[in-house]
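Database features (TrEMBL):
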DOMAIN    11-92  domain 'Prepilin peptidase A24 N-terminal'
DOMAIN    104-206  domain 'Prepilin type IV endopeptidase peptidase'
TRANSMEM  6-27  transmembrane segment
TRANSMEM  74-94  transmembrane segment
TRANSMEM  100-120  transmembrane segment
TRANSMEM  150-167  transmembrane segment
TRANSMEM  179-204  transmembrane segment
TRANSMEM  224-247  transmembrane segment
Amino acid sequence: MQYFILLIFFLYGLVFGSFFNVVGLRVPTQSLFTQKRSYCDTCERTLTWRELVPVWSFAVQKGRCRGCSESISPLYPVMELTTGLLFAFTYYLTGFNSELVLGLLLIALIIPVTVSDIVYRRIPNRLLLFFSPFFILYRLISPLDPFWNSLAGAGGAFLLVFLIILISKGGMGIGDLKYYTLFGFVFGLGHFLLLFFLSTLYGALAGGIMMKVKKLGRKTKIPFGPYIGLAALTVFYFGDILIQWYLNLFS
Ligand SMILES: [Zn+2]
């Protein structure tokens, strides 16, 4: 039974992942609801249901449009698979309770923001504005302990990242600032500090690898949103364990 429910979550994740990816691609260009049916970005042909099956259609078509043979972004299958795995993993860790709702909300925010930041180098305001009320409502129903930790987290996140933007002059952007602040509100101050540390660690590791592989210069601007999102998921899944482990080092 447990495996069956995990499979259901995975399959739903594939379908939602397909939607989240399109949201991330279309919200910044304001074209999310202008076309009713899914279409090819190059030839604008409306896609048939066979071409909309997550992951599978990409594999069968070898990553190309059946109309114009233009290659389809690998973001589609990657984000579909990622969302499927994250949905299943979230249910696996939380079971059916309020944490499951928070996990799915986080995924629904993080996947489109990640896609948008990779493709357009920006974290759309409209995504943050759309999701913020849901997170505020969630923290009203299921508050942190103590409840004001959400405000401390948001305030601390805002101050810290704002200072870093001032000092570093362009290392991080205003989109990153708002994104961090929202996570500060969701997780509270202690968990936010862990999140911030992890995001810079992921960013530094990935930046180091990219400089080796692609020979990027130090000045190359890399989008930071994906590492913030990955850090937020790490904190959601393993934050308590990591903080406990850290505190044990000193006791
Ligand atoms: Zn096409």
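Glycine residues also receive a Cβ, built from the backbone N, Cα and C atoms like all the rest.
Predicted, not measured: the structure shown is a model, and the values here were computed from it.
The stretch in closest packing with the transmembrane segment (100-120), judged by the count of Cβ pairs under 8 Å and taken from 6-27, 74-94, 179-204, 224-247, is 6-27. Over the domain 'Prepilin peptidase A24 N-terminal' (11-92), the average per-residue pLDDT in this prediction is 91.
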